[in-house]
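*Asks:* Residues or ranges marked as NADP(+) binding site in TrEMBL: C:Arg48. Sequence annotations record features per position, and here TrEMBL assigns FMN binding site to C:Arg125, C:Ser126, C:Ser127, C:Asn239, C:Ala240, C:Gly280, C:Lys295, C:Pro296, C:Val297, C:Ala298, C:Thr299, C:Arg321.
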Number of protein chains: 4
Amino acid sequence: MAGNSFGTLFRLSTFGESHGEAIGGILEGCPPGIELDLEAIQLEMDRRKPGQSAIVTQRKESDQVRFLSGIFEGKTTGTPIGFMIANSNQKSGDYDHIKDSYRPSHADYVYDQKYGFRDYRGGGRSSARETACRVVGGAIAKQFLKELKINAFVSQVGSITLNKEYQELDLGKTDSNPVRCPDPMVAAAMEEHIREVRKEGDTIGGVITCVIRNVPVGLGEPVFDKLHAQLGKAMLSINAVKGFEYGSGFEGVRMKGSEHNDAFNPDGTTKTNHSGGVQGGISNGMDIYFRVAFKPVATLIQAYETIDKEGNTVQAKGKGRHDPCVVPRAVPIVEAMAALVLADFVLLNRSLKA
Amino acid sequence: MAGNSFGTLFRLSTFGESHGEAIGGILEGCPPGIELDLEAIQLEMDRRKPGQSAIVTQRKESDQVRFLSGIFEGKTTGTPIGFMIANSNQKSGDYDHIKDSYRPSHADYVYDQKYGFRDYRGGGRSSARETACRVVGGAIAKQFLKELKINAFVSQVGSITLNKEYQELDLGKTDSNPVRCPDPMVAAAMEEHIREVRKEGDTIGGVITCVIRNVPVGLGEPVFDKLHAQLGKAMLSINAVKGFEYGSGFEGVRMKGSEHNDAFNPDGTTKTNHSGGVQGGISNGMDIYFRVAFKPVATLIQAYETIDKEGNTVQAKGKGRHDPCVVPRAVPIVEAMAALVLADFVLLNRSLKA
Amino acid sequence: MAGNSFGTLFRLSTFGESHGEAIGGILEGCPPGIELDLEAIQLEMDRRKPGQSAIVTQRKESDQVRFLSGIFEGKTTGTPIGFMIANSNQKSGDYDHIKDSYRPSHADYVYDQKYGFRDYRGGGRSSARETACRVVGGAIAKQFLKELKINAFVSQVGSITLNKEYQELDLGKTDSNPVRCPDPMVAAAMEEHIREVRKEGDTIGGVITCVIRNVPVGLGEPVFDKLHAQLGKAMLSINAVKGFEYGSGFEGVRMKGSEHNDAFNPDGTTKTNHSGGVQGGISNGMDIYFRVAFKPVATLIQAYETIDKEGNTVQAKGKGRHDPCVVPRAVPIVEAMAALVLADFVLLNRSLKA
Amino acid sequence: MAGNSFGTLFRLSTFGESHGEAIGGILEGCPPGIELDLEAIQLEMDRRKPGQSAIVTQRKESDQVRFLSGIFEGKTTGTPIGFMIANSNQKSGDYDHIKDSYRPSHADYVYDQKYGFRDYRGGGRSSARETACRVVGGAIAKQFLKELKINAFVSQVGSITLNKEYQELDLGKTDSNPVRCPDPMVAAAMEEHIREVRKEGDTIGGVITCVIRNVPVGLGEPVFDKLHAQLGKAMLSINAVKGFEYGSGFEGVRMKGSEHNDAFNPDGTTKTNHSGGVQGGISNGMDIYFRVAFKPVATLIQAYETIDKEGNTVQAKGKGRHDPCVVPRAVPIVEAMAALVLADFVLLNRSLKA
């Protein structure tokens, strides 16, 4: 079945609804003998979890991963790594008001149309809670890919834009503020903006930039599974994402070939990097960088008008504990998905020896 | 193996290098009993083929599809549709100059690094010639999806932008000019710009917008195979693509949730369509629309400096017959890939009855 | 990654080692809106579980399935059904003696060679405990396929053979004795034989026959995924299986075409059924029947000589609680795998409408 | 879509009907840089082709493979190898008599039921002609696996059985007679039997044994994709196959564990090999051996009674040029499928390094 798995050899499958008993997954294909730092995995979980700062949702979810298989004496065994995360602190009552009505720009309506009915509690399977499982898989992928440096950060919130090249930034500072923007001044402005928006019961969009360094040459498959196509799919599969561009992206459209082409240095590196580290769908060893656009969260703490299952107009009001801006918590998710893509291509490349 | 197939049930696999004997493919999963209009398939091929106008490459490739299986008495049989397109008029001599050197921003270098050697003639497997096979598969998908209207068009060339909503355009006019921009005035400016760029031996990027109407509610799979994620992967897998956005896209980032949310009408349609016809990864029945960014073609008819296999700096000069701007010929490719994505989701949805 | 998933649309993925924290799985593709009888699922589990009679292993495993997702208000939602079975009563101490030596005809040696090390407790991932997850998936598949009757039974233990056509048997009696042979006289002889073998600390092989009735015409895919090929793979993937034959099987080799061909009745049924309900890889609506050969269990409660990791000859002795004959407990596993195969083909067939 | 592809990394997809324009396929995943001996591939094709001896069908099919891609300067490039085999000498007229009636024990009836109509000429997609494509893929797999020795031979025709262990045979003699039985005396009896059966317009079944030597330890994936499960599926997918057993097979059922277990030698080899070279689904380095049962060919050159599409009883008579016994020509097909299975597992194993 389509839809719940990602990857060919290094492959994550997930299950679980927001307010069911648990979410979880199976990570297949992680090579045997890798010593896993379980604490590092939990730290990635903590970067994504609710309640971590004043500008994210104040839901309390401990998000403790429990590994059920595939690890023995601290090392991966090569067999599938099963894991689960219990859904504690489920205030299902928060969702009774949406049982029979459809929240605008949510998946409520389309799930009912597609499946005939839905687990309406907290968005069910469409909830971004599912991304916790991706962070588990991605954290293991990161440990497998330990030479690669994968760094995502917030580069835009609403109209507040970080106008610097990533090379000018100290990406080590990304987590030093709750917004996860590595420039403290811009971060402060973004944080202020998010606070204001929240006060209005409103939400705002954002952009995450991701940079991947120390990438070996040759990752990615020709034609349909180009490295950037798979990265694009990975990012677009994250809740609320509306766009993806890599290297020169949409701006590159305005350039002429003579400006855009990346001339070679004698060692195979290039003098410029409009290609964003990918040529013909395959990594060329230069930094990979890409941008991911997130829409404003659809759940507002405001009154709104909508329809119920019978098409009657109803008055509703968002309640519960929601994020005013999704990007600070989405930074580890972007990194996780990037790691899963790269780990898979690393394994696929191993089949190429004659 | 990853990379040469697209789709789960409605599935296209392709083979072939630019200057080998032939390119071709296998289309699996097309339901039986569909009367195929072979002429309509060839017309799509002609929209993509070189030499069709003064602003595209003047290579002569007849691009005649030859069907080898899966069609009997004019109808699909449900068995795989095998097809091939002979590579005639291969001026391999045009490529001797790149045998030992790497063209900037092409796949030459990464293929050599990944595979140890490469079929250097015309880019080999990395050539956009492979997309002819996608147009065959997509043309059949269109016939299967006959109720859906899939219309792509050029909305930007360099900095010349079509500043109209798609609803204001007569998409029936797209093919009335060589640029495939449905606004004749803007098309003329774009055409003029492409001619100038070509005179300089240079190239320029562009954007294609695609609109899909009459989409049933419910297409797309939750989580990893969201409709827009699969569309994004499909588009990013087309040669020269650098970015993808749907609905409000990168601009939507600047909006607040209260502006961005699409309020429902009683019939389940929405008053606005920032969602771009997709909510939670599943079609909601509104028009799907998205934008695809193409970089300027890397092959210039200019002298340039590059490196050879040994890392020596060498002087080179592009020759052959190349496109100054890829978007006019890419319009049918965008439509083809969209059709393949949708056909697959239509088939996947059929498994949902209890 | 290969190996942990079965099926294309109706798809089971499993995880877990014999003595890890838990085993479990994800069942994808089960259509939404199916009312699940959870008790019926547990009953299938109980047919497989250890300790159920005097002739099977006396290990105590409660094998309670815990569903974590995909079910809401008693019905499937169409989203993945995650489940786990805790590994309680793990006498890991029982396995210290095999930590450094290789049990003959077990997977110990090959796992160490393939993965570099292994979770040696109870066979780890190679343990037949994994089949409990298959029974969960198969029990749900049975509920989806409620019109089909899938009945497996023991038809041979050692040299004691049930020499009757399945049509002469009352398959409702299969579970009336601990051997699961529907002929009480033969069952008694088999049971007696198993008791004797066990007294010697030895083990014995057996055959399971499976009959499937009310099969719709048209299940199975041409060429590589023929119905019987997929059934064969499913059965051969069960621990200890050494052979598979359907319809006339190995005996059919001796027949002439004029004897073997199944002549048609006017309604499309056939007068004989040497085909075993499958022609050209596709079900023809007649009963499907096949036989599965199981080797004698490799674990003996006897002293034996073997080697350790360094290749030294060592003396060992089987201990723990093991099955003297695997077939009584394998009956529900055969049915489960058959159900999974059929459910998948039922879903695949839905894509065939023009 | 299910059914037309085999393998995960080393992957063959086929297309084509018996009497369409051509059959062919795509082989993906063959590593780059392998020098292909095209003559050796054609020799394998010739072992399978009709008309090669007096005891097989006298149809004339040249079965010349034409490679279309994936090979450059005599070596594989790592890109998909596309190939086709033209369908010449198609006496479609031979099949007009089956257009509206169903041949007993053929796929005619089930194809019509499944797809609504069928390409009736020569069995269409259900024809064993498709196996020519498998021989192409398998011949390339053999060249990739050059250290492994894969030898199939005929071990039974009707009731004439080769009662020798494979170790007692000179497998180099397999192709020295038209039956492909390596024992000349038994081969002569088999040949005589086939001639008699043919004189009656009848057909007869047979068994092929396959032996694989020099297998590295560790091939095969745990759980669902066990080495023998994949081999079993591969063999059962060949036209007319009714059963598969490996190692001790169905006979092993009668043995006790103490007889059946394969005791280790200090070097990890085993003193006996009831396991057939596979333990827990993974190769242990001992010879792999298995047996494949083929039913008698369904097409007789005799009058018979059958039904037409409307269920009317009709008189028919087989004509055309058919095999009286399929096993002599199936020997290279069995080897090809075995090679495809092994090549895939060799590639999958490469992903296991930490």
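Note: Cβ is positioned from N, Cα and C throughout, glycine not excepted.
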*Asks:* Cβ within less than 8 Å of a chain A Cβ is the test here; which of the binding-site residues C:Arg48, C:Arg125, C:Ser127, C:Lys295, C:Val297 meet it?
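*Replies:* Contact set vs A: C:Arg125.
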*Asks:* Please compare the binding-site residues C:Ser127, C:Thr299 by how many other CB atoms fall within 10 Å of each one's CB, and tell me which has the fewest.
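*Replies:* Across C:Ser127, C:Thr299, these binding-site residues, the one with fewest Cβ atoms within 10 Å is C:Ser127.
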*Asks:* According to DSSP, collapsed to three classes, what secondary structure does C:Arg125 (FMN binding site) have?
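*Replies:* Note: C:Arg125 (FMN binding site) is helical by DSSP.
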*Asks:* Name, in order along the sequence, the binding-site residues among C:Arg48, C:Arg125, C:Ser127, C:Ala240, C:Lys295, C:Val297 with a Cβ closer than 8 Å to any chain D Cβ.
*Replies:* C:Arg125, C:Lys295, C:Val297
*Asks:* Suppose we draw a 10 Å sphere around the Cβ of C:Ala240 (FMN binding site). How many other Cβ atoms does it contain, all chains included?
*Replies:* 22
*Asks:* What does DSSP say about C:Ala240 (FMN binding site): helix, strand or coil?
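*Replies:* In the DSSP reduction, C:Ala240 (FMN binding site) maps to coil.
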*Asks:* For the C-alpha pair, I'd like the distance in angstrom between C:Arg125 (FMN binding site) and C:Arg48 (NADP(+) binding site), rounded off.
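*Replies:* The Cα atom of C:Arg125 (FMN binding site) is 18 Å away from the Cα atom of C:Arg48 (NADP(+) binding site).
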*Asks:* Using only the Cα atoms of C:Arg125, C:Ser126, C:Ser127, C:Asn239, C:Ala240, C:Gly280, C:Lys295, C:Pro296, C:Val297, C:Ala298, C:Thr299, C:Arg321, which the record gives as binding FMN, return the largest interatomic distance in Å, rounded to a whole number.
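*Replies:* Value for the max Cα separation, rounded to a whole number: 44 Å.
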*Asks:* What is the separation, in Å, between the Cα atoms of C:Arg48 (NADP(+) binding site) and C:Ser127 (FMN binding site)?
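*Replies:* Cα-Cα distance, C:Arg48 (NADP(+) binding site) to C:Ser127 (FMN binding site): 14 Å.
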*Asks:* If one looks at the chain holding C:Lys295 (FMN binding site), which residues at least 6 apart in sequence have a CB under 8 angstroms from its CB?
*Replies:* C:Gly205, C:Ala240, C:Val241, C:Lys242
*Asks:* Note down the number of other Cβ atoms within 10 Å of the Cβ of the residue listed as 'NADP(+) binding site', including every protein chain shown.
*Replies:* 26
*Asks:* Is the residue listed as 'NADP(+) binding site' helix, strand or coil when read with DSSP?
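*Replies:* DSSP assigns the residue listed as 'NADP(+) binding site' to helix.
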